[in-house]
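Engineer: OK, TrEMBL features for this one:
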{"type": "TRANSMEM", "residues": "55-82", "note": "transmembrane segment"}
{"type": "TRANSMEM", "residues": "88-115", "note": "transmembrane segment"}
{"type": "TRANSMEM", "residues": "136-160", "note": "transmembrane segment"}
{"type": "TRANSMEM", "residues": "180-199", "note": "transmembrane segment"}
{"type": "TRANSMEM", "residues": "206-229", "note": "transmembrane segment"}
{"type": "TRANSMEM", "residues": "285-304", "note": "transmembrane segment"}
{"type": "TRANSMEM", "residues": "342-363", "note": "transmembrane segment"}
{"type": "TRANSMEM", "residues": "394-414", "note": "transmembrane segment"}
{"type": "TRANSMEM", "residues": "420-442", "note": "transmembrane segment"}
{"type": "TRANSMEM", "residues": "454-479", "note": "transmembrane segment"}
{"type": "TRANSMEM", "residues": "491-510", "note": "transmembrane segment"}
Amino acid sequence: MADSDTEKIPGATYHVDHEKAATSPYDVAKGDASVDLDAMKLAEMGYTQDMQRNFSVWSVLGVGFSLTNSWFGISAALVTGINSGGPILIIYGIILIALVSTCVGISLSELASALPNAGGQYFWANELAPKKYANFASYLTGWFAWAGSIFTSASVALAMGSAVVGCYQLGHPDFVIERWHVFVAYQLVNIFCFFFNCYGKTLPKVATVTLWTSLISFGVILITVPAVAPTHQHAKFVFATFINNTGWAEGGIAFIVGLVNTNWSFACLDCATHLAEEVHRPEKMIPIAIMGTVGIGFVTSWFFSMAMFFSIVGDFSDIVASSTLVPILELFYRALNNKGGAIFLEIMIIATGLGCLVASHTWQSRLCWSFARDRGLPGHKWLSKVDKRLDVPIIAHFVSCVIVGIVGCLYLASLTAFNSMITACIVLLYISYAIPITCLLIRGRNNITHGPFWLGPVGLVSNIVLLCWTVFTLIMYSFPYAKPVLASNMNYVSVVYAAVTTIMAVDWVARGRKSFRGASERKDDGVEVVEGVRRGSVTGSVH
């Protein structure tokens with residue numbers, strides 16, 4: 001790791017002494033005023049401290065892990081993943097994706113440590129890109145990131161809707177699941193989780209509770225299912241069985257098609273970066289949360305997958321063809337031979353998933369709010385407001401959740417909507433990471449002020465891996481899920497890309513290119529904001 005004496009970005013004013021920050025209780029007396037170092041660093045970037053710093057590193061980790069929640073993601077990914085590789089896909093796919101995610105986590109952590117800001121990747125792109133292209137690069141990044149967060153919330157809500165309906169079907173065997181049943185459950189889940197992000201002071205506690213809910217649920221399921229299963233699969237099935245029911249003749253293509261589901265289990269690693277203005281000393285705390293999320297995610301997801309595959313009772317194809325449409329629920333039922341027990345375990349997964357959706361709502365609202373501060377979105381005057389009583393960007397939160405509700409209508413149009421949603425959330429987020437990383441490499445990794453978390457050559461390798469993986473996913477994850485390709489099983493993610501790009505292009509031409517607040521304007525505003533922080537008199541955002 002490098003210290004703060006490395007070469008600074010030309011024109012930047014990041015001059016806070018990190019050693020003083022580490023040894024003082026975040027405040028330094030200046031005359032009769034007390035200046036918050038975190039607020040001062042934020043002011044130097046051109047922003048005022050609109051959000052209270054209520055989060056601890058533990059609660060930030062809770063939000064980050066609750067959203068990524070890899071073992072939960074694997075349980076939901078079984079819906080579509082097991083036909084495209086089976087046990088080999090999940091067991092070895094987790095290892096592959098965990099390695100890639102480690103590189104992604106290192107890349108994000110370095111920038112979050114050097115430039116801690118709730119804007120995350122769109123802010124980094126604006127700071128690092130060549131001046132001529134900085135605003136456009138930042139604008140693209142912000143839109144891709146926000147769109148990715150919307151599709152993430154939609155995919156989680158759809159997984160939860162499917163699980164709820166599946167539990168009902170298991171208890172009522174004559175009930176035949178229709179698409180609209182899942183759609184209604186999707187909307188109810190989205191509305192229910194909306195309310196958890198409406199009061200800022202409770203969010204750290206909610207995040208901590210959801211973290212423990214996930215870990216306790218993981219422990220209970222991990223122990224119970226293998227312990228009570230009357231028979232167990234042999235090791236060859238778990239570690240050496242490849243299943244290809246996709247219609248693709250090439251096993252490699254089938255593996256890649258299925259890999260998108262495993263990849264979903266490690267998506268959204270930027271979540272913690274958007275809480276940088278709600279935690280003290282974010283340059284140290286955010287990297288801890290990001291890397292902790294990857295580490296916990298790998299351990300829980302790999303052992304969960306292995307335990308579940310060993311616990312499969314009966315024919316694998318029967319679990320895939322379950323009338324509940326939720327293979328993990330069918331697996332529980334066959335292992336326990338008890339509907340009540342299976343539903344109870346699935347409820348634990350649902351509780352974990354609800355925590356995941358709450359964290360996703362937190363993340364998407366912070367992305368929307370921070371991007372709107374720099375006039376990156378239509379209606380930015382309202383979206384950038386923080387309700388002082390609730391201490392949350394309530395309008396940004398409400399609008400984001402409404403859009404998630406609208407996106408849910410895609411499920412009524414196509415049964416492959418789930419895969420399209422998770423593919424969109426994965427690839428759009430990777431693109432939003434790749435833009436600032438590309439800008440960093442063009443500028444030169446040693447030509448910016450390094451934060452406390454900086455890994456030198458390891459960071460460079462991680463940056464390259466992230467960029468290569470982004471190109472790989474953009475191309476390969478667009479392949480059809482099965483052959484022959486029909487309207488009912490087509491991969492519609494290309495349509496999603498086209499829709500997002502069209503909306504973004506229209507807004508940029510009509511409004512964004514003139515309105516977006518870039519680095520130069522922010523730094524001009526920053527002089528005034530810094531003085532306001534010193535005087536303790538600035539209470540509103542600079543827009």
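Using the three backbone atoms N, Cα and C, a Cβ is placed for every residue, glycine included.
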Engineer: Under 8 Å between C-beta atoms and at least six residues away from its ends: which parts of the chain pack against the transmembrane segment (454-479)?
Structural biologist: 1-2, 100, 102-104, 106-107, 110, 113-114, 253, 256-257, 260, 263, 423, 426-427, 430-431, 433-434, 437-438, 440-441, 445, 491, 493-494
Engineer: In the same chain, which residue numbers or ranges, 6 or more beyond the ends of the transmembrane segment (420-442), come under 8 angstroms Cβ to Cβ?
Structural biologist: 77, 104, 107-108, 111, 121-122, 124-125, 128-130, 137, 140-142, 144-145, 147-149, 151-152, 154-155, 158, 260-261, 263-264, 267-268, 270, 407, 410, 414, 448, 463, 466-467, 469-470, 473-474, 477-478, 491-493, 495-497, 500
Engineer: Using Cβ distances below 8 Å and needing 3 or more such pairs, separated by at least 6 in sequence, tell me whether the transmembrane segment (206-229) contacts the transmembrane segment (342-363).
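Structural biologist: Yes, the stretches contact each other.
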Engineer: Could you name the stretch, out of 136-160, 285-304, 342-363, 394-414, with the greatest number of CB pairs under 8 A to the transmembrane segment (180-199)?
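Structural biologist: Maximum Cβ contact count belongs to 394-414.
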Engineer: Does the transmembrane segment (342-363) reach the transmembrane segment (136-160), going by 3 or more CB pairs under 8 Å (6 or more apart in sequence)?
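Structural biologist: Yes; at least 3 Cβ pairs under 8 Å.
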Engineer: Near the transmembrane segment (394-414), which same-chain residues lie under 8 Å Cβ to Cβ, leaving out any that are not at least 6 residues past its ends?
Structural biologist: 146, 149-151, 153-154, 157-158, 179-180, 182-183, 186-187, 190-191, 194, 197-198, 361, 364-366, 368-369, 372, 379, 382-385, 387, 420-421, 487-488, 490, 492
